[in-house]
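Here's what TrEMBL has on this protein:
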COMPBIAS  1-13  compositional bias 'Polar residues'
COMPBIAS  15-26  compositional bias 'Low complexity'
REGION    1-34  region 'Disordered'
TRANSMEM  113-130  transmembrane segment
TRANSMEM  136-160  transmembrane segment
TRANSMEM  181-201  transmembrane segment
TRANSMEM  207-227  transmembrane segment
TRANSMEM  270-290  transmembrane segment
TRANSMEM  332-358  transmembrane segment
TRANSMEM  364-389  transmembrane segment
TRANSMEM  401-428  transmembrane segment
TRANSMEM  434-454  transmembrane segment
Amino acid sequence: MNYQRPTMASRRQNLLLRPRSRSPSPHRQTNGHGVKVNMKVKKTVEWLLAMGFSVQGFRCFPWMAVNFFLKDCLCVSPSALQILMNSANLPMIGKPLYGILSDAVSINGDHRLPYVAIGALLQAISWLTIVSLPRLYLTVTSLTILLILGNLGVSITEVANDAMVAEAGNRSRTSGHLQSFVWTFTSLAGILGNLLGGFAVSRFSPTTMFLFYGLMLIVQLLSTISISETSLNLPRKTTATATVTKSLSIRKQISELYSVLSIPEISHSIAWFSASFAVIPILMGTMFYYQTEYLKLDSSVIGLSKVFGQAYVLGWSLTYNRWLKEVPPRKLLSVIQVSIVVLMMSDIVFVAGIYRAIGVSDSVYVVVISGLLEVLVMQFKVLPFIVHIAQMCPVGCEGSLMAFVMSATAVAMIVSGYFGVLLANIFGVSDKDFSGFMVAIFVQAVCAGLPVFWSNYISDDSQRSQFKMR
C-alpha cells in the first residue's frame with residue numbers, strides 16, 4: 001500500500017471538514033444567575049459599541065462646519081480646500097499597522113478599550129484645540145495638522161471598535177447581530193449629523209459646532225475609561241504569552257498578507273478596485289463652491305443632500321443583500337462604474353443650466369442627484385467588492401487582507417483628490433471663475449469610464465470556483 005503525502009489542499013479540506021469543538025465559556029452558565037450575567041455583559045457591549053459607532057458616525061456634523069469655515073472664515077480656494085481634506089485623510093493609510101499594534105501590544109493587559117480611549121482623546125484634543133486657538137494662529141496649515149491628528153484618532157478608534165465587534169460577535173451564536181447593530185447606529189448617526197449640520201451651519205458658528213462634537217468625544221472618553229475590558233468577556237492573552245508572541249504575531253501577519261497578495265485573482269482584483277478610484281479626478285471641492293458661491297444654495301440644502309446620500313447607502317445595502325449577491329462581481333462593478341459615468345455626464349447638463357430651463361430646480365438636483373453621485377463614487381463599489389474578496393480569501397487571513405484593501409482604497413482616494421485639484425487648475429476653475437467647469441467634468445467622466453475597459457482584472461465566477469478548488 002503506497003503512502004501519499006497529504007497536499008496543502010487536502011490538509012485545508014480536512015480542516016474545513018473537521019467539526020469544531022465548542023468549549024464552554026467560563027462566562028456562559030446554564031443557571032438563572034448565569035443568564036443574567038450574560039445579558040448584562042451583552043447590554044454593556046452593545047451600549048459601548050452603540051456609543052462608539054454613533055460618535056464616529058456623527059463626525060459629518062463638525063466636518064460640514066469645516067467646509068464652510070474654510071470657505072467663509074479662512075477664504076481658501078476650492079483647490080486648497082480639497083488639498084486640505086485629502087491631506088487630513090493620510091492617517092487612514094496606516095489602519096493595518098494600528099490593527100497589528102492593537103492585537104500585539106496590550107495596555108495594562110487590555111487590547112481594545114485603551115485604544116478606543118486613545119483615539120477619542122486625540123480627536124477631542126484636535127477639535128477643542130481648534131476651538132481654543134486665537135483666530136490669528138488658526139491658519140490653513142495649523143488646521144490641517146489638527147485635522148490630521150483628529151483623523152489619526154478616528155483611525156485608531158475604528159480599528160479597535162471593529163476588532164471588538166468581531167471578537168464579541170464570534171462569542172455569540174448570532175455572529176451577524178453586532179455587525180448589523182453597529183451598521184444601523186453608524187448610518188442613523190450619519191443621517192442625523194448631516195441633517196443637523198446643514199441647519200446648524202447657518203445658525204451657529206463653526207467653532208460652536210466643533211465644541212459640541214469635542215464635548216461628545218469627552219463623554220465617550222470618560223465612558224470608555226470607566227469600563228473594565230474584563231467585564232466585556234473579550235478574549236485575553238496572558239502577559240507571558242503576549243510578550244513572547246508580539247514580534248512573532250506581527251511577522252506572521254505580514255508573511256500571511258504577502259502570501260495572499262501573491263495570488264493573482266486577489267491582487268488583480270485589488271489593483272482594479274484601487275485604480276477605479278485613483279483614475280477619477282474628484283472635483284468635490286469645486287462642486288461645493290459652485291453650489292454655495294455661484295448658485296447661492298443654502299447650507300440646509302447641502303446637508304439634505306448628504307442625508308439623501310446616507311439613505312441611498314442604506315437602500316443599496318438592503319438591495320444588494322437581498323437581490324444582488326449572486327450577480328457576478330465583474331458585471332456588477334462594471335455596471336456601477338458605468339452608472340458613475342452617466343451621472344457625471346448629468347452634472348454637465350446641470351452646470352449648463354439645462355435642468356433649470358426644463359423646470360428642475362438646482363436645489364432638487366443637488367439633493368436627489370448630487371447626493372447619489374457622491375456615495376456612488378465613494379461607497380457603492382465597496383460592499384460588493386469586499387464580499388467578493390472575502391469569498392476568495394484563504395481562511396485566517398481575512399482581517400489583514402481587509403485592512404490592506406481599506407488602506408489601498410484610502411491611498412487611491414487621496415490620489416484622486418489631488419488629481420482633481422490638478423484638473424481644476426488646468427482648466428482655470430476657481431471660486432470666481434467656473435467657465436471651464438463643464439470641460440473639467442467631461443474629462444472626469446471620461447476618466448471614470450476607463451476602469452470598465454480593464455474589468456477583466458476582476459476575477460469572475462469561474463475563476464473564483466477554480467480558486468476554491470485549489
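Glycine too: its Cβ is placed from the backbone N, Cα and C atoms.
No curator has checked TrEMBL annotations; they are predicted automatically.
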Long-range Cβ neighbours of the transmembrane segment (136-160) (under 8 Å; 6 or more residues past either end): 52, 56, 59, 66, 70, 74, 76, 80, 84, 87-92, 94-95, 98-99, 102, 112-113, 115-116, 118-127, 129-130, 403
Spatial neighbours of the transmembrane segment (113-130) far in sequence, C-beta under 8 Å, 6+ residues away: 52, 55, 62, 98, 102, 107, 138, 143, 146-147, 149-150, 152-161, 164, 207, 210-211, 213-214, 217-218, 220-221, 224-225, 227, 229, 232
Same-chain residues at least 6 beyond the ends of the transmembrane segment (332-358) whose Cβ lies under 8 Å from its Cβ atoms: 273, 276, 280, 287, 290, 324, 365, 369-370, 372-373, 376-377, 380-381, 384-385, 434, 437-438, 441-442, 444-445, 448-449, 451-452, 455, 458
Seg_contact(the transmembrane segment (434-454), the transmembrane segment (270-290)) with at least 3 CB pairs under 8 angstroms, min sep 6: yes
Two-stretch contact, the transmembrane segment (270-290) and the transmembrane segment (401-428), at least three Cβ pairs under 8 Å: yes
Positions on the same chain near the transmembrane segment (181-201), where near means CB under 8 A and six or more residues out: 46, 49-50, 53-65, 68, 161, 165, 209, 299-304, 306-307, 309-311, 313-314, 317
